[in-house]
Amino acid sequence: MSNSSSITHFLLLAFADTWELQLLHFWLFLGIYLAALLGNGLIITAVACDHRLHTPMYFFLLNLSLLDLGSISTTLPKSMANSLWDTKAICYAGCAAQVFLFVFLMSAELYLLTIMAYDRYVAVCKPLHYGTLLGSRACVHMAAAAWASGFLTALLHAANTFSLPLCQGNTVDQFFCEIPQILKLSCSDAYLREVGLLVLGVFVDFGCFVFIVLSYVQIFRAVLRIPSEQGQQKAFSTCLPHLAVVALFVCTAVFAYLKPPSMSSPSLDLVVAVLYSVVPPAVNPLIYSMRNKELKDALGKLA
């Protein structure tokens with residue numbers, strides 16, 4: 001029997017048992033990672049360099065791209081390195097850093113997506129008040145609040161999780177260090193404290209998701225009043241993918257953190273983790289630039 005003080009490293013979940021499949025996993029994740037780096041990097045560069053994009057919407061989009069870059073860089077490189085070097089190990093400090101950074105960046109991203117939904121709601125439904133409600137100072141304060149809230153959330157969860165005594169081995173059934181998987185290693189009822197914090201956090205996240213959905217409902221109602229059918233189609237084709245990615249992100253994350261142990265299996269946990277940790281950062285650049293002429297023009301100037 002071991003405890004947390006004697007654990008020097010954790011063993012992450014391997015994607016495959018054979019070297020050939022591990023190499024396939026490496027190249028697949030490398031492709032996704034490079035696409036995420038390229039997409040988010042281009043958005044950050046375009047918004048920073050083009051003065052026409054210095055507006056609240058693009059300011060928030062720049063912050064979203066920074067968070068996406070950080071979150072996917074927290075999980076994929078270590079997993080790729082393990083597959084390439086045929087190992088599963090991650091040091092104790094590295095695992096703690098992964099938990100902190102991942103919760104920090106993902107929490108801040110949800111808060112920022114909530115702010116972005118509010119930004120779109122004001123722009124569409126209350127355009128005359130847009131300059132008053134979303135001035136430059138207000139935007140900076142809201143973005144800072146999202147980052148700070150994510151930081152405090154991560155600090156609370158990481159400190160609470162890694163203060164638990166761990167005596168069920170050091171094998172984490174996930175390709176990165178995830179709180180639910182680490183809680184399985186605890187041998188103390190104190191883990192219920194962290195479960196309670198997770199439940200509370202999920203209620204907060206669900207509240208953000210409800211706010212996002214209600215904001216888009218109001219946007220859709222306003223869009224339906226647009227006389228131009230082409231304008232309606234453009235608005236729906238822009239908003240619906242945003243909402244779909246947010247729903248995928250929130251629903252899979254909530255499922256991963258609150259699912260009962262009886263529903264847990266390595267393959268299911270792996271698929272769910274990929275859906276909420278890898279897919280959103282990789283597809284967000286495409287979703288947010290697909291129907292955006294201003295962003296496309298700015299990216300064209302960079303080429």
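Note: Cβ is positioned from N, Cα and C throughout, glycine not excepted.
A quick note: this is a predicted structure, and the numbers were derived from the prediction, not measured.
Annotation comment: TrEMBL describes 39-288 as domain 'G-protein coupled receptors family 1 profile'. Annotation source TrEMBL lists transmembrane segment at 26-49, 56-76, 96-118, 139-159, 195-217, 238-258, 270-288.
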Any idea what the model's mean pLDDT is for the domain 'G-protein coupled receptors family 1 profile' (39-288)? 88
Flag the pair the transmembrane segment (56-76) / the transmembrane segment (238-258) as in contact if three or more Cβ pairs fall under 8 Å (sequence separation 6 or more). no
Using a Cβ cut-off of under 8 Å, list the residues of the same chain at least 6 residues beyond the transmembrane segment (26-49) that approach it. 58-59, 61-62, 65-66, 68-69, 72-73, 76-77, 79-80, 83-84, 278, 281-282, 284-286, 288-289, 295, 298-299, 302
